Amino acid sequence: MAKLHLQWLLLLPTLCSLGAATESASSPDCAQGPKFWCQSLEQAIQCRALGHCLQEVWGHAGANDLCQECEDIVHLLTKMTKEDAFQDTIRKFLEQECDILPLKLLVPRCRQVLDVYLPLVIDYFQGQIKPKAICSHVGLCPLGQTKPEQKPEMLDAIPNPLLNKLVLPALPGAFLARPGPHTQDLSEQQLPIPLPFCWLCRTLIKRVQAVIPKGVLAVAVSQVCHVVPLVVGGICQCLAERYTVLLLDALLGRVVPQLVCGLVLRCSTADAIGPALPALEPLIEKWPLQDTECHFCKSVINQAWNTSEQAMPQAMHQACLRFWLDRQKCEQFVEQHMPQLLALVPRSQDAHTSCQALGVCEAPASPLQCFQTPHL
């Protein structure tokens, strides 16, 4: 029961954001008519004119439709993360994590860390969302002159806006001029023990990553597609379900605990040292092995679709780069199934169907069939 309750808590901001989009139809701007409605996917939803725009305006668009729709979906996901309901849900979960710390003296300090630094971490997360790059990565937009994806250790180059935001007041008395890699000493008026801020920061970020129900969110995002005509709705739903999980993986992969805590608290990039928190068995459970392999399989096939036969093995291994936390497992999956994958990709028109044939994915729950396109 607790597991289901947590999933609905995390799903709530998504549903609220979709509901908010339709409830804002009274906006005076909507009175401008179709010229305003169809400027963007978000405006069409707000003015309850998505069906009109798809049938009368966007239905006559050129070959860049999929690219633009993908970017619009990314923008909607970005907006969801900015909703107060989403941020409140994350905050409440982290406050519960603070409350179960084994050393109760750390609880007020843990909450203080949340108050000061959670907004900065959320801003950093949102700053990693680049619609054009993400949609090119999943194959819905043409590849431009983009720079190669940085490796985790290369991400220390901090953009100027983020550097400006890092000038935040430190916790009173918590830091010295030269903080250590795992703890910051306290002043004499503070607790008479070293406070492991860096370990605490890394632990909380890892917990948030672990409890985000990616599959549930993907289905929730796809629900907006039910307001459009059946054929176009099927395309929209498959776009949302197929790529939302890939998008979340790409975004969460950039919120590496060591990197974020290094930026915010000037922590060392070394692994944190500290006692493990009690397991979250009452709240979450890991994805079943088949779900994990299904996710690996679909990502690998999506990555290899537009490559030559000679380049396929390299493309498949590159697909594992986005799974920073499970990269080794992904590499093992690719090595184990390489012959079957090489045989499936040239004939593949849908990643889920191909992975179902491989035996690592279950039958899709949705009755709508995904569209087929040479660009995917």
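Cβ atoms are placed via backbone N, Cα and C, with glycine included.
Taken straight from Swiss-Prot:
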SIGNAL    1-24  signal peptide
DOMAIN    25-63  domain 'Saposin A-type'
DOMAIN    63-145  domain 'Saposin B-type 1'
DISULFID  C67-C141  disulfide bond
DISULFID  C70-C135  disulfide bond
DISULFID  C98-C110  disulfide bond
DOMAIN    194-271  domain 'Saposin B-type 2'
DISULFID  C198-C267  disulfide bond
DISULFID  C201-C261  disulfide bond
DISULFID  C225-C236  disulfide bond
DOMAIN    290-365  domain 'Saposin B-type 3'
DISULFID  C294-C361  disulfide bond
DISULFID  C297-C355  disulfide bond
CARBOHYD  N306  N-linked glycosylation site
DISULFID  C320-C330  disulfide bond
Position of peak Cβ density within 10 Å, selected from the disulfide-bonded residues C141, C355, C361: C355
From C70, C98, C294, C361, the disulfide-bonded residues whose CA lies within 10 Å of that of C355 (disulfide bond): C294, C361
Three-class DSSP secondary structure - C110 (disulfide bond): helix
Residue among recorded positions C70, C141, C201, C294, N306 with Cα closest to the Cα of C330 (disulfide bond): C294
Overall pLDDT for the domain 'Saposin B-type 1' (63-145), taken as the rounded mean: 74
C-alpha spacing of C361 (disulfide bond) relative to C67 (disulfide bond), in angstrom: 27
Candidates C110, C297, N306, C320, C361 (recorded positions) - the one closest to C141 (disulfide bond) by CA: N306
Structural state of C320 (disulfide bond), classified by DSSP into three states: helix
